[in-house]
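Q: Heads up, here are the entries from TrEMBL:
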COMPBIAS  99-112  compositional bias 'Basic residues'
REGION    71-119  region 'Disordered'
REPEAT    153-194  repeat 'WD'
REPEAT    200-242  repeat 'WD'
REPEAT    325-366  repeat 'WD'
């Protein structure tokens with residue numbers, strides 16, 4: 001009897017975990033509704049944490065369970081509760097497949113929440129913002145009040161899917177449904193002039209995502225629905241390599257050391273490519289919906305966001321499952337690590353962005369000012385700011401340490417890609433803008449230039 005109870009214990013832990021998350025989700029909505037009519041203030045949340053750990057050896061496989069619940073009681077409109085993570089090693093069950101790209105997997109739908117930000121907590125105690133944090137927020141708000149000009153750049157003939165700055169900040173790239181990649185040059189680090197430099201052609205289908213080499217400012221990688229990954233050299237303005245893959249590619253990332261590219265396709269197959277030989281190193285198929293992929297900054301862990309609200313953590317280079325973070329009650333769409341390696345953020349279809357400790361894999365707080373699925377996120381070069389965007393007609397930019405908003409960028413259409421400059425507080429983004437005939441404008445925008453320029 002005791003042996004059977006011991007074997008069943010992990011299932012009881014999972015059941016309790018689900019009840020905890022259900023309670024916190026309901027509590028979160030009730031808390032927002034109760035405070036939506038109150039005056040706005042920055043009072044931090046009072047939070048508690050329940051943590052349970054177990055290590056169980058069963059059938060030769062070690063199972064780790066960690067459950068964490070954070071119950072917050074805030075005051076005023078800037079309040080709510082953050083649901084903490086539950087981490088379990090192993091695989092998740094097979095989800096319903098959808099035969100279209102990642103950007104179309106989440107239909108437009110309103111989540112009917114008030115969208116206020118969560119403030120910081122630590123170890124069950126109220127975290128009062130320090131004078132340094134208050135000064136930083138005040139200075140940043142003043143900076144964006146004086147530097148809120150947006151420059152529009154005609155980039156493509158169709159919708160822009162992805163934008164990204166190179167590592168030295170001198171070039172901005174954009175990929176589009178029109179099958180092309182556009183390059184723009186920023187004249188100098190202090191300049192506010194962007195000029196179109198070149199248009200790369202070669203893909204035979206939509207360019208869904210792109211990324212620059214983390215250390216070499218002239219190398220760019222693009223993922224396309226044409227089942228290829230292309231490497232481009234900005235100096236020679238041509239493709240230097242084309243790698244065939246087995247599916248329609250929808251996401252791509254470069255390893256921090258620059259030696260490997262990971263690309264994911266619609267069939268949830270992740271392919272690793274050696275950037276020195278331009279050969280495929282391996283392919284890994286997953287039995288769950290993979291939405292976005294990323295290495296951690298130390299290059300020893302590999303992260304995948306899933307359609308079940310999980311973040312899967314794998315060892316690298318072995319790609320063996322280590323943990324499954326129950327990050328959100330809805331689909332996890334995007335993931336981003338901050339440049340300093342302290343945090344990573346996850347955007348979800350529940351309209352929230354969660355901020356995590358990258359070393360301890362613990363949820364720190366959530367940002368919930370969006371009312372539609374959080375589709376794209378980006379950290380600033382100093383790791384102090386986090387931009388998030390969705391179908392909401394604005395881009396939210398907050399201070400990472402408290403979740404407080406420092407600026408809001410108004411848009412006229414849904415935003416599906418954002419990217420902070422690697423050295424300045426400039427934010428590149430692209431919206432689903434239409435002209436008077438309801439045709440895609442293919443415009444790339446950059447926010448943060450001086451108002452008097």
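Placed from the backbone N, Cα and C atoms, the Cβ positions cover glycine too.
TrEMBL entries are annotated by machine, without manual review.
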Q: How many of the residues that make up the repeat 'WD' (325-366) does DSSP mark as helix, as strand and as coil?
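A: So the counts come to 0 helix, 24 strand, 18 coil.
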Q: Work out, from DSSP, the number of helix, strand and coil residues along the repeat 'WD' (200-242).
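A: Once the DSSP states are binned, the repeat 'WD' (200-242) shows 0 helix, 24 strand, 19 coil.
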Q: Taking all residues of the repeat 'WD' (325-366) together, what is their mean pLDDT?
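A: Average per-residue pLDDT within the repeat 'WD' (325-366): 97.
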Q: Could you give the number of helix, strand and coil residues in the repeat 'WD' (153-194) as assigned by DSSP?
A: 0 helix, 21 strand, 21 coil
